[in-house]
Amino acid sequence: MGTLGARRGLEWFLGFYFLSHIPITLLMDLQGVLPRDLYPVELRNLQQWYIEEFKDPLLQTPPAWFKSFLFCELVFQLPFFPIAAYAFFKGGCKWIRTPAIIYSVHTMTTLIPILSTLLLDDFSKASHFRGQGPKTFQERLFLISVYIPYFLIPLILLLFMVRNPYYKSEEKRKKK
């Protein structure tokens with residue numbers, strides 16, 4: 001596979017990432033900030049199953065800082081997802097470079113406190129989380145495995161946009 005084939009393969013991967021992120025955001029993530037009545041009982045039950053199965057304290061009892069991240073996901077990221085999916089499925093859209101860099105840096109930045117909380121926070125009954133959350137190191141790693149792709153894929157996107165010669169090259173504009 002040559003450079004063009006590798007680039008197209010990664011563009012398709014990123015296209016699927018952004019396309020898959022739309023239903024995840026709408027149906028699961030935003031339950032933390034949108035009115036409960038917007039969601040049918042089946043989706044609320046699905047989220048509750050996820051919270052119990054993965055012991056996710058951030059969605060069970062979202063702290064204000066986490067709600068602010070969900071709000072940013074609603075206002076800034078969700079509108080970007082279909083645009084990015086289109087650009088990467090179409091391929092060769094150099095105009096996506098700057099928005100993709102902004103998205104990737106923003107997302108990776110939000111994941112640092114999320115991952116730090118899941119790895120280091122006190123989930124005892126005395127904490128903000130009132131005993132909800134992972135109890136063992138294995139449970140923490142299991143939960144982190146859900147969140148870590150949302151750090152790693154934006155990191156791949158960032159490196160792709162910054163280092164790939166195709167996206168890195170600037171078109172020379174003719175002087176009038």
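Sequential numbering from 1, following the chain as shown.
Each Cβ is built from the backbone N, Cα and C atoms, and glycine gets one as well.
If you check Swiss-Prot, you get these features:
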TOPO_DOM  1-9  topological domain 'Cytoplasmic'
DOMAIN    10-158  domain 'EXPERA'
TRANSMEM  10-30  transmembrane segment
TOPO_DOM  31-68  topological domain 'Lumenal'
SITE      D56  site 'Likely important for receptor folding'
TRANSMEM  69-89  transmembrane segment
BINDING   V75, Q77  cholesterol binding site
TOPO_DOM  90-99  topological domain 'Cytoplasmic'
TRANSMEM  100-120  transmembrane segment
TOPO_DOM  121-141  topological domain 'Lumenal'
TRANSMEM  142-162  transmembrane segment
SITE      Y150  site 'Important for 20(S)-OHC binding and stereoselectivity'
TOPO_DOM  163-176  topological domain 'Cytoplasmic'
MOTIF     172-176  motif 'ER retention motif'
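This view paints the features noted in Swiss-Prot onto the structure.
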{"residue": "D56", "record": "site 'Likely important for receptor folding'", "DSSP (3 states)": "coil"}
{"residue": "V75", "record": "cholesterol binding site", "DSSP (3 states)": "helix"}
{"residue": "Y150", "record": "site 'Important for 20(S)-OHC binding and stereoselectivity'", "DSSP (3 states)": "helix"}
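For the pair Y150 (site 'Important for 20(S)-OHC binding and stereoselectivity') and Q77 (cholesterol binding site), the Cα-Cα distance reads 12 Å. When pLDDT is averaged over the motif 'ER retention motif' (172-176), the result is 54. Around D56 (site 'Likely important for receptor folding'), the same-chain residues six or more apart in sequence whose CB sits under 8 Å from its CB are Y50, G133, L143, V146, listed in sequence order.
Taking H, G and I as helix, E and B as strand and the rest as coil, DSSP gives the topological domain 'Lumenal' (121-141) the counts 5 helix, 0 strand, 16 coil. Ranking the recorded positions V75, Q77, Y150 by C-beta neighbours within 10 Å puts Q77 at the top. For the topological domain 'Cytoplasmic' (90-99), the DSSP-based tally of helix, strand and coil residues reads 7 helix, 0 strand, 3 coil. For the domain 'EXPERA' (10-158), the DSSP counts in helix, strand and coil order read 118 helix, 0 strand, 31 coil.
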